[in-house]
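A.B. asks: Before I ask anything, here is the structure I am working with.
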There are 6 protein chains.
Amino acid sequence: MPEFSHINNDRAYMVDVTEKDDVHRLARAEGRIHLRPETLEAIRSGEVIKGNVLATARIAAILAVKQTSSLIPMCHPLPVGGVDVDFHDGDGFISAEVAVRTYGRTGVEMEALTGVSVALLTIWDMVKSAEKDEDGQYPETSIEGICVTEKRKS
Amino acid sequence: MPEFSHINNDRAYMVDVTEKDDVHRLARAEGRIHLRPETLEAIRSGEVIKGNVLATARIAAILAVKQTSSLIPMCHPLPVGGVDVDFHDGDGFISAEVAVRTYGRTGVEMEALTGVSVALLTIWDMVKSAEKDEDGQYPETSIEGICVTEKRKS
Amino acid sequence: MPEFSHINNDRAYMVDVTEKDDVHRLARAEGRIHLRPETLEAIRSGEVIKGNVLATARIAAILAVKQTSSLIPMCHPLPVGGVDVDFHDGDGFISAEVAVRTYGRTGVEMEALTGVSVALLTIWDMVKSAEKDEDGQYPETSIEGICVTEKRKS
Amino acid sequence: MPEFSHINNDRAYMVDVTEKDDVHRLARAEGRIHLRPETLEAIRSGEVIKGNVLATARIAAILAVKQTSSLIPMCHPLPVGGVDVDFHDGDGFISAEVAVRTYGRTGVEMEALTGVSVALLTIWDMVKSAEKDEDGQYPETSIEGICVTEKRKS
Amino acid sequence: MPEFSHINNDRAYMVDVTEKDDVHRLARAEGRIHLRPETLEAIRSGEVIKGNVLATARIAAILAVKQTSSLIPMCHPLPVGGVDVDFHDGDGFISAEVAVRTYGRTGVEMEALTGVSVALLTIWDMVKSAEKDEDGQYPETSIEGICVTEKRKS
Amino acid sequence: MPEFSHINNDRAYMVDVTEKDDVHRLARAEGRIHLRPETLEAIRSGEVIKGNVLATARIAAILAVKQTSSLIPMCHPLPVGGVDVDFHDGDGFISAEVAVRTYGRTGVEMEALTGVSVALLTIWDMVKSAEKDEDGQYPETSIEGICVTEKRKS
């Protein structure tokens, strides 16, 4: 039977981590947003558009990493030590990668995943006028493949 | 050339919506989290686990919907009028659906998408001890298919 | 059977208020914190202590009223229009009264109750060094009688 | 004369705790909300209602514990290490108990008290349609007995 | 005797604005940060540095505008309708200008002033390694001239 | 060429501080708000006005110090250990001084500067009805001289 460390007896709780050791920890997560070819082309060819879309998404992601324990109920507040957000231009999508470092008592994978999610949501918001069809719908836009690519302590 | 309403001249800005009309608006978004079969089975068969995982995710999502304009830089603050969060048990995944209603000047698709993202991240957090392999990695967990399924005014 | 408007089918949700009317609304709540006689005497006789304890509690309460919908999951965000926080010196306690006004779609009693709660918690924090016994416990301090004293629309 | 550690010279300030030791700390607080017999009976007999009311209150309380230093002006930010929220069914009321653990420089009683307060406020919000009389008032609802039941370091 | 609308009888309060009219409102504020010549030269000549410093400051300012009523105790929450942040290269300084638009019951000059302040603080943070002297002090850095340049309704 | 520690390769990032030492740190910042003579006179001669204006500004500043890492994107979250906010009555202005202490991995000058900025903005808000001219403009009000006066570790 799998273990659910945030559930005890009959209820959810925030597990006590005060006995765990402060160690250096790193987590890396990634994900991608699929966009219309015209939108991707505009981002690729236009420095102004690209710069503004990705800078906005990067800063939103860094701020969101620091807010993770306010968003995810059982997540422990942690002294985030460093955050790096990078974007890549893929075939039909833009991918985001977020690395989070801390010196603390629990892992930072939820922080990295939250950063990736907010980076991709912000890209969506920044390009939404380009992605909507004539009925105001988003037939081609989607967020895919959010996963943890690395997690370690040292 | 696609339009980017959050970029003007050479910079990002929060577009002025004060001339738009207050109307009834609805947006619906969905997405899914892929989990190990053992985790899904434990959620399916255990009322306590299921109740706690999904209740925590639902409440996190509702609170996140109300925080959208603090997370997404160019998003307008809106008087969120109603939020409903539902979960479905799929083949290899749990899906989340979030509907947001408002009476306001801009659409609420970013709110619905933020709600879905935080619902799925919270499920991840609630089951993370069950999803980790012996090296502390998440080889099977991923968030997929976050999209807007409906958007309308009336 | 009583009605539970925040529960629908099998789940909690934020009820849709977009069809309700914007009207002027007022709610008034109160509560009291019971303190040691020596603490109350110090507050009564010392202008500096009294001024700082109550000013800090008042401002914390006003800020908390504006944060109510981030603290109470199913609470609707509302354009708070006015807040007044008053304190009275009782027999063995200090009482706080908070009045909240809005022009909006739902009542503001949760805002007033949140304001009273945070006002009283802040008084506790401001006097905690005076209320602790030699073992660091609070044998005499308690918060009592938080209730809604008036609620109306016009 | 009692000591007021948050007041110095003529003004409120946030006392410097950087010279204090990081130690394991626990605080436990409790309180109760008095409700109509019909509301209590509906919560007792209805699994759906009970589950949703208490799960919502529990998660709100855990999130509020982590926000304590944003709500209470002179409260120090602390790396909250664990939170457990429990409810009991009393004679005419529901009681909430919150335990907070940390490894840090100051006690966590304000965190536990904030958690209890928000748990009880959230119960109020979840049952408010059942507690209101025909004039929209709350003649029987009140929050009572919020106190610290245990505080220790180790 | 000047009027102090946030003080009534003997205490601060949040004045009731529910009787005021919803109208279109604009406020514009500006300010400047004085920096070392070498820092200004690096920003002027380096696209990467300039782009990142100013994009970060712009997004921080837009988010801060939306948080004004959580930072300034007596400030009313307002549906911010549009925000534009611009920077100019001056003689020994960078200036920031923030314009805020709303359709609401009170003016938005505090929002514009908060946006300018956070824009300039963020520039300081982004260039602080370049501004510090060998003792880690900031002998040449200062923020000056924060003022409201325009305020109107229509 | 000056160093910009928050920019790496082509992008802004939050520099990793996990390898730095936890030490005692202090930062002190100050600034001033220039006001009309009538406003300054009313503050000087009226205990009620002075008390309320400065108490509100002080508490807003202390809360803002604790929110610095949510406002300034690349700023590290830090366990703020103590905050003291003082005001002085100058010739044509009120000055604010904020001292912040921590035991942590990075300096707290951004926290002290944020505290000063929010203290001065709150004074502006508290006296704005007295500072406005008949056209609702602020011809004489401005914030000047925000700087770091001391920064040290021990």
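Numbering starts at 1 and runs along the chain as displayed.
Glycine is no exception: its Cβ is also placed from the backbone N, Cα and C atoms.
Because TrEMBL annotations are produced automatically, they should be read as predictions rather than curated entries.
What TrEMBL shows for this protein is this:
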DOMAIN    D:14-153  domain 'Molybdopterin cofactor biosynthesis C (MoaC)'
BINDING   D:M74, D:C75, D:H76, D:M110, D:E111  substrate binding site
ACT_SITE  D:D125  active site
A.B. asks: If you draw a 10 Å sphere around the Cβ of D:M74 (substrate binding site), how many other Cβ atoms fall inside it, taking every protein chain shown into account?
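C.D. replies: There are 25 of them.
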A.B. asks: If you count other CB atoms within 10 A of each CB, which of D:C75, D:M110 wins among these binding-site residues?
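C.D. replies: Counting every other Cβ within 10 Å of each candidate, the maximum falls on D:M110.
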A.B. asks: Around D:H76 (substrate binding site), how many other CB atoms lie within 10 A of its CB?
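C.D. replies: Total other Cβ atoms inside 10 Å, all chains included: 25.
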A.B. asks: Highest Cβ count within 10 Å among the recorded positions D:E111, D:D125: which residue is it?
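C.D. replies: Of D:E111, D:D125, the one with the most crowded Cβ is D:E111.
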A.B. asks: Should D:M74 (substrate binding site) be counted as helix, strand, or coil on the basis of DSSP?
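C.D. replies: The residue in question, D:M74 (substrate binding site), is coil (DSSP, three-state).
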A.B. asks: Across the domain 'Molybdopterin cofactor biosynthesis C (MoaC)' (D:14-153), what are the DSSP residue counts per state (helix, strand, coil)?
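C.D. replies: Across the domain 'Molybdopterin cofactor biosynthesis C (MoaC)' (D:14-153), the residues distribute as 56 helix, 47 strand, 37 coil.
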A.B. asks: Where the record says D:M74, D:C75, D:H76, D:M110, D:E111 bind substrate, what is the longest distance in Å from one Cα to another among those residues?
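C.D. replies: So the maximum pairwise Cα distance among the substrate binders is 12 Å.
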A.B. asks: I'm checking region-level scores; what's the whole-number mean pLDDT for the domain 'Molybdopterin cofactor biosynthesis C (MoaC)' (D:14-153)?
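C.D. replies: For the domain 'Molybdopterin cofactor biosynthesis C (MoaC)' (D:14-153), the model's average pLDDT rounds to 95.
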A.B. asks: Calculate the distance in Å between the alpha carbons (Cα) of D:E111 (substrate binding site) and D:D125 (active site), and round it to a whole number.
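C.D. replies: About 21 Å separate the Cα atoms of these two residues.
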A.B. asks: Do me a favour and check the Cα-Cα span between D:H76 (substrate binding site) and the residue listed as 'active site'; whole Å is fine.
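C.D. replies: Here the two Cα atoms lie 29 Å apart.
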A.B. asks: Could you tell me which of the binding-site residues D:M74, D:H76, D:E111 sit with their CB under 8 A from some CB of chain C, listed in sequence order (or 'none')?
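C.D. replies: The answer, in sequence order, is D:M74.
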A.B. asks: Can you grab the distance from D:D125 (active site) over to D:M110 (substrate binding site)? Cα atoms, rounded to a whole Å.
C.D. replies: 22
